[in-house]
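Below you'll find the structure, written out as structure tokens, and then a few comments.
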Amino acid sequence: MPCRCLTDCLSEEEREMGWAIALHGGAGDIPVTLAEERRAPREATLGRCLSLGVAALKANQAPLDVVELVVRELENCPHFNAGKGSVLTTKGTVEMEACIMDGITKNCGAVSGVSTVVNPISLARVIMEKTPHIYLGFDGAEAFAREQGVEVAETSHFITQENVERLKQAKGANRVQIDYTQPISAVNGDSQIGTVGCVAVDGAGNLAAATSTGGLVNKMAGRIGDTPVVGAGTYANHLCAVSATGKGEFIIRATVARDVAAVMEYKGLSLKEAATYVIDSVPKGNAGLVAVSANGEVAMPYNTTGMFRACATEDGYSEVGIWDTEVEHNFIDNSKS
Ligand code: ASP
């Protein structure tokens, strides 16, 4: 696919690294003792979604399509906190949020407060493409989804028994929380699920980012986190694409996703340097991100105990991991680009 960049286009040498993709399934205080039966399905889903994204990039699909495709798959998996499996508000309801952004055009779409939309990331894309606006929420977003024929479902599709249990625990402890931080050991000893995101770049330097979430357990009804906020949880421009995860209030204050791009541009740092710099600026224990640059570099820093994550690059590298120590390399056969 030819680069659609009109200005600031990278030279061929600068783009020598080719396509790259990275995804996450949430960052937080994930205990390294996480039970195998809790860890394995999530790692398997990350690996499957990574393979899906890699195949799409190899088939020359646009990065915007690739990130939407991957995030839809993650939304459909009840092990993660997005779409089916979203965590519950203090009222026991689901209020999902999502954002998608195209790097070269900076077109973006975002949605908050939807409770019946099966794939909020696709609604965000329809908002981007079919309205003069960027961000719709709550009743207006629900009505627009129906008008556009976006797939909807009953509440029972989204609410899992585990999330009913998590809400009960959170209320008992009187706290609003990212699932993983809770010390409470009901739900079979863990509650590790998380927001999902994907970033991708093709060989021509076209970039895209997408993030989707159910937010925080026991959040107030109407609470909006970082995920749908352009520049906080999600951002892409001609230099990089970023999807963040963690405690939304911290990520919004630090404008995490946009800051990675700004630090690259204004300080002349590489993607890895910029991403580390920005994550280090957020109070410890609160944030992580995945990012790719126009030249195919990948960064996945976090200042939490762990982050469910996966990445692959055109040169054959791939990994799926949660903590620093237990990273499975060369997870997929990436040799036939
Ligand atoms: N950032 C999300 C929020 O605050 C939660 C997460 O990343 O798990 O809504």
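Cβ atoms here come from the backbone N, Cα and C positions, even for glycine.
Curation does not apply to TrEMBL; its annotations are automatic.
DSSP assigns Thr195 (active site, nucleophile) to coil, not to a helix or a strand. Neighbour density for Thr195 (active site, nucleophile): within 10 A of its CB lie 36 other CB atoms from the protein chains shown. Sequence annotations record features per position, and here TrEMBL assigns active site, nucleophile to Thr195.
Note: Asp226 (substrate binding site) has non-local neighbours Ala232, Gly233, Ala244, Gly246, Gly248, Glu249, Ile251, Ile252, Val256, i.e. same-chain residues 6+ apart with C-beta under 8 A of its own C-beta. According to DSSP, Asp226 (substrate binding site) is assigned to coil rather than to any helix or strand. Positions annotated as substrate binding site by TrEMBL: Arg223, Ile224, Gly225, Asp226, Thr245, Gly246, Lys247, Gly248.
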Where's the emptiest Cβ shell within 10 Å among the binding-site residues Gly225, Gly246, Gly248?
Gly225
Between Ile224 (substrate binding site) and Thr195 (active site, nucleophile), what is the CA-CA distance rounded to a whole number of Å?
14
Other CB atoms within 10 A, centred on Ile224 (substrate binding site):
20
Taking Arg223, Ile224, Gly225, Asp226, Thr245, Gly246, Lys247, Gly248 as the record's substrate-binding set, what's the max Cα pairwise distance in Å, rounded to a whole number?
16
